[in-house]
Amino acid sequence: MRHFLLVEGTNEKWDGVKLGMRSIPIATACTIYHKFFCETNLDAYDPYLIAMSSIYLAGKVEEQHLRTRDIINVSNRYFNPSGEPLELDSRFWELRDSIVQCELLMLRVLRFQVSFQHPHKYLLHYLVSLKNWLNRHSWQRTPVAVTAWALLRDSYHGGLCLRFQAQHIAVAVLYLALQVYGVEVPAEVEAEKPWWQVFSDDLTKPIIDNIVSDLIQIYTMDTEIP
Amino acid sequence: MDRDLLRQSLNCHGSSLLSLLRSEQQDNPHFRSLLGSAAEPTRGPPPQQPLQGRKEKRVDNIEIQKFISKKADLLFALSWKSDAPATSEINEDSEDHYAVMPPLEQFMEIPSMDRRELFFRDIERGDIVIGRISSIREFGFFMVLICLGSGIMRDIAHLEITALCPLRDVPSHSNHGDPLSYYQTGDIIRAGIKDIDRYHEKLAVSLYSSSLPPHLSGIKLGVISSEELPLYYRRSVELNSNSLESYENIMQSSLGFVNPGVVEFLLEKLGIDESNPPSLMRGLQSKNFSEDDFASALRKKQSASWALKCVKIGVDYFKVGRHVDAMNEYNKALEIDKQNVEALVARGALYATKGSLNKAIEDFELALENCPTHRNARKYLCQTLVERGGQLEEEEKFLNAESYYKKALTLDETFKDAEDALQKLHKYMQKSLELREKQAEKEEKQKTKKIETSAEKLRKLLKEEKRLKKKRRKSTSSSSSVSSADESVSSSSSSSSSGHKRHKKHKRNRSESSRSSRRHSSRASSSQIDQNRKDECYPVPANTSASFLNHKQEVEKLLGKQDRLQYEKTQIKEKDRCPLSSSSLEIPDDFGVYSYLFKKLTIKQPQAGPSGGIPEEGIVIIDDSSIHITDPEDLQVGQDMEVEDSGIDDPDHG
């Protein structure tokens, strides 16, 4: 089940990038998607249609409006990579209608709560604060920011966004990025409070570990998908 | 592969990471060499203390290490580093862009000693510091640093770090007196770090902007007010007074946090590029995306095929004659896809059929621009151009028409219709030019008529008579010789004519003169010949290259006829010649083209003996109009006229 969800999540990310969507709208789309399938039965709906509709809806929510024609084109391309773009015939317009209908359905299922707090803003602020504390040469040669951002984006392939708080995800992602490169936060040992605790008061080490391990899990699933 | 990074990571995680890396990345050529050499530093001093600390993290560390090893080729790639350079610290401390936070170490409550140590490790030349003057000496002043103005934003207010600003680094504010007198203890100063002694923890600062790096050189150094203190410091002070505030609270209550553009702003500040979004997923690596998959490319293709459909419908309408419907379809197609070649060609054809040739031409040209190999577009365009040229011809806009024909020819050299039309046009243009010339000549003659008063004419005539009498005596004896000389001279001149402009002009002159003389003859036959001659030998206007090539033949024909004409000449003509030559002399030279010719000829034509009595023969040509003012006295000069005629042919007489 979750495996399947992941496929769709991947699909969405793929589509999102090709549509030129920014990180936040993609995140919203994925969150909507995951949330929808939490509330409903997985078999009841065509996941691809839901994916397209959630992209469309997210575009509206995050002020990066996308045209349905583009969404349909890109999705179609995903399935028929070598085929020609769809003809603008009646079948096409029916597809479009179904996306619009689906959008309304999703809104109702989600009780019209489609605006989310994403970890992205938090992560960026944390990065700025950390940057000032680290030695600048160390910062420049270590791509902490890029890695953290990539990790955060990839986390949407799974349902992390639903299970953890935005701030926690942001911290965990940053933590992992620092770990990967072996970067130590200066005077960490001597500090009264660890840096990750500073960023989010109610965060504990176990939570970080949970998030990190889930995140790594997502990547392993990625390699299993053909 | 970034070796240093890899080494750093290995140092942190130890040998287990190394072995994992070996197994995961064994196929990767970048790693093989690195792993060989990178092994040594970890093997070196086996750090006992760090290992102890790490033992606790051992369990999940393994997972992380596995992750690192799997993704190592991405994580340590040189291209992984942000391509977009982080906007160099133009300190937009503005509240509105993002939530400016107090320094992290303040929250972490790091001991002062460590902060101090780290400060001296991390401070660099060219950083801006802000402090308060603590004492002023003769050699400079000391200031206690309270915060930083650029680079790393640290909390140093309580660290009691002092810096010295030597006298030489204090710019003087007045022409005389001590520059230091400007300053007082307690002033807040912004200065640039000039020198650092890390070991002794000593700093030297300067108030000159030359101590700052180029991107910061706009910032004013010297005394500042407390409002100009950086935002992070002010927040830091607030935090000190209320140490229970959490990072999160401060952040969320900051106006900048809710700025809708905060994400974009910070991404730029940190140097993360959204247009090429980074990912560690294998499937999402940007090199796997082809341009064709992107939405905009797909849309274009789709629009093109949709537009084509509309065009097809439109063509069907066109064939049954429903022009309005067809036009609608074409317009629809073009709305969908502005550059659609088929639609443009079809619409152009429709315009052409309806008669709006200009619009048709526009459409075809646009179509050809987009697709230069479109056969139909080319064909239709040529046809339409020729048609348009025809229209213009009828409207007497010949040059315009000519350009259209030429354009058609450049597009398609084999287009017969265009060639034919062009040639026809040229001929017609010749004729019309000649006509125009005649007109102009007539006008000139009329002008000359007006200028002369009868009294002047009389005087001239009297002079002429005298000259002619003299000439008569000379000419009767030498007329035959002159005429023979003429022929020889003219033939020789014709043979040497090919490259010679001068002779060409002369010949043109001659042809003109012969024409004009013939024109006014009463003989219908000769006038016919004239017309033909004009067609053949009048030089084609300057832009056609063939004009001078034909010239030689024309002239030879001309000369042949000239000889004949000598015998044909009537008295009237001859009569006309005489006053013509003299009168033309005194006319002021303001007749445009023809006066240009005049000048040329007068310069170049020396006067030969026999016709010396009539010096300005060269000018004879045009003013046939004045022939009409003949008077009875001229009748006497019949023979002389002959001489003059032949004198026309004579290059010496011009």
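Just so it is clear, glycine is given a Cβ too, placed from its N, Cα and C backbone atoms.
The compositional bias 'Basic and acidic residues' annotation in TrEMBL covers B:438-467.
Per TrEMBL, the feature compositional bias 'Low complexity' maps to B:476-498.
Taken from TrEMBL, the feature compositional bias 'Basic residues' covers B:499-509.
The domain 'S1 motif' annotation in TrEMBL covers B:126-208.
Residues or ranges marked as region 'Disordered' in TrEMBL: B:35-56 (among others).
For B:438-545 (among others), the entry in TrEMBL reads region 'Disordered'.
Per TrEMBL, the feature region 'Disordered' maps to B:630-654 (among others).
Look at the repeat 'TPR' (B:307-340): DSSP puts its residues at 28 helix, 0 strand, 6 coil. The annotation repeat 'TPR' is assigned in TrEMBL to B:307-340 (among others).
Annotated repeat 'TPR' per TrEMBL: B:341-374 (among others), in sequence order. Helix, strand and coil counts under DSSP for the repeat 'TPR' (B:341-374) come to 28 helix, 0 strand, 6 coil.
Across the domain 'S1 motif' (B:126-208), the DSSP tally of helix, strand and coil residues reads 10 helix, 39 strand, 34 coil. According to DSSP, the compositional bias 'Basic and acidic residues' (B:438-467) comprises 28 helix, 0 strand, 2 coil. Model confidence over the repeat 'TPR' (B:307-340) is summarised by a mean pLDDT of 84.
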